[in-house]
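Participant: Input: one structure, supplied below.
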């Protein structure tokens with residue numbers, strides 16, 4: 001039994017490695033300026049290449065289809081070879097070893113973006129299959145490490161050649177393949193999945209707490225330890241690899257479980273601790289939540305026992321009682337087709353007819369997606385503001401704070417017994433830093449403002465990316481989350497195209513001294529210098545992110561009664 005437990009944790013560590021080294025899209029801004037020069041393209045055309053990577057992510061459903069006919073390990077290696085081909089050819093191109101037309105480079109970027117989603121699918125399947133009782137914790141932890149990819153690649157690139165930007169493409173091509181080879185043995189030796197007793201579930205949650213603490217240390221290390229000197233960077237990079245290897249000690253913890261329980265664990269009680277996701281008796285309710293049939297029974301019971309769900313006085317003042325004479329503020333908007341319960345399955349046809357989905361879509365579109373587009377433009381932003389030497393620092397800053405944001409997405413699950421708050425409310429809070437950051441950078445183009453804004457945007461977008469899967473599952477059903485979440489993330493390529501085109505058009509026009517767009521497309525690559533290059537863009541992005549914040553607040557107000565009802569039902573089940 002202990003051997004099976006060890007193999008399960010080895011799979012989790014392998015998943016962490018995969019996520020940590022396959023977020024290759026986050027370092028696009030490190031080599032985008034040189035790619036622009038080599039191809040002789042405009043900023044608008046460069047934006048299309050960034051969009052191509054996001055379009056590749058929208059094709060992530062193909063990995064699910066592949067899993068129906070291929071073993072998991074082979075899907076992982078297909079992803080690795082897609083990245084090897086997509087990034088490797090671009091590396092040869094940027095070295096002037098071959099020449100390719102623009103549309104071929106576009107396809108290579110699309111292929112590279114698709115490889116990332118295939119890796120993500122492999123990781124999601126491994127977490128869901130091996131940690132069914134603590135699925136949210138496993139997903140939040142592993143997805144978080146995707147945010148440190150840029151920081152790790154930056155250290156690796158500086159360690160090899162600080163003056164080279166094309167080295168990023170070479171690393172993007174080969175490191176995911178090497179990681180896949182290292183993760184192969186744990187994936188091939190997956191243990192059988194057996195139901196866990198309540199004490200084993202608690203023990204599993206305690207290990208997740210330790211792993212989250214170790215992840216926090218890793219993020220802080222990557223944030224504060226960096227260097228432009230190759231010899232120093234090698235030492236720092238070795239330390240980062242050591243921190244990623246440390247979780248391999250988890251199997252030793254499993255073997256020492258009996259000693260730990262008898263000598264230390266018995267000296268204090270974790271009963272009712274706010275640091276655990278669920279109580280022992282709460283497990284059955286979580287299983288019930290995942291069942292559509294049980295959820296339908298809960299709906300019927302509400303209909304029998306009361307005329308309408310009971311709302312808090314605060315909510316009653318805001319949305320009213322729902323009667324004919326309802327005069328509550330925004331009552332009409334909040335009350336239209338309001339979600340009654342969590343976990344009800346929504347097929348695609350029903351999903352796109354719900355106002356809640358489109359509020360959610362708009363919040364993501366004007367929040368996480370706009371942050372991703374900002375990261376794609378970091379190279380040009382730093383260059384235009386006269387801070388080209390800061391590009392690698394900004395990439396590390398965005399990556400590290402994106403990692404912290406992803407880690408924070410697990411906070412609602414850890415503290416839910418002490419403080420229960422609707423996950424859509426956490427989403428609204430996470431969106432607050434984004435408009436603040438854009439207006440801050442627009443107001444001042446100095447180094448401090450640029451670094452602070454980048455950190456805030458990374459923190460906000462990281463939280464949204466990691467929390468989105470759980471929110472989609474809760475609002476629109478866990479069994480349909482695969483399809484529904486893919487529908488949601490169609491906003492990424494759309495937003496990448498729209499926001500990036502807006503920024504590139506303003507950039508090119510300023511670079512040409514208000515030249516027409518058609519002339520810009522016919523000329524060679526140009527560079528825009530000064531705050532004017534992105535000033536209007538930051539204002540536009542800030543206003544759009546405010547729209548996303550308003551949308552998330554409306555979503556919270558509309559879904560809060562369903563979350564409160566769910567929590568009341570959970571508490572009642574615990575008391576029975």
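Using the three backbone atoms N, Cα and C, a Cβ is placed for every residue, glycine included.
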Participant: TrEMBL tags one of 16-34, 35-53, 187-205, 206-224 as transmembrane segment - which one?
Facilitator: 206-224
Participant: With the ranges 323-344, 455-476 to choose from, which does TrEMBL describe as transmembrane segment?
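Facilitator: When 323-344, 455-476 are checked in TrEMBL, transmembrane segment belongs to 455-476.
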Participant: Quick one: sort out which of 357-375, 509-527 is the transmembrane segment according to TrEMBL.
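Facilitator: My reading of TrEMBL: the transmembrane segment range is 357-375.
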Participant: Please indicate, using numbers and ranges, the residues of the same chain that are 6 or more beyond the transmembrane segment (387-408) and have a C-beta under 8 Å from a C-beta there.
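Facilitator: Long-range Cβ neighbours of the transmembrane segment (387-408): 23, 26-27, 29-30, 140-141, 143-151, 154, 157-158, 212, 215-216, 219, 222-223, 226, 228, 375, 378-379, 381, 430, 447, 450-451, 454-466.
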Participant: Same-chain Cβ contacts of the transmembrane segment (455-476) under 8 Å, 6 or more residues past its ends?
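Facilitator: Distant contacts of the transmembrane segment (455-476): 124, 136, 139-140, 143-144, 147, 339, 342-346, 351, 354, 356-357, 360, 364, 367-368, 370-372, 374-375, 397-410, 423-424, 426-427, 430-434, 436-438, 440, 484-485, 488-489, 559.
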Participant: Do at least three C-beta pairs under 8 angstroms join the transmembrane segment (138-160) to the transmembrane segment (72-94), pairs 6 or more apart in sequence?
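Facilitator: Answer no, regions not in contact.
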Participant: Does the transmembrane segment (357-375) come near the transmembrane segment (538-557), with 3+ Cβ pairs under 8 Å (pairs 6 or more apart)?
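Facilitator: Contact between the transmembrane segment (357-375) and the transmembrane segment (538-557): present.
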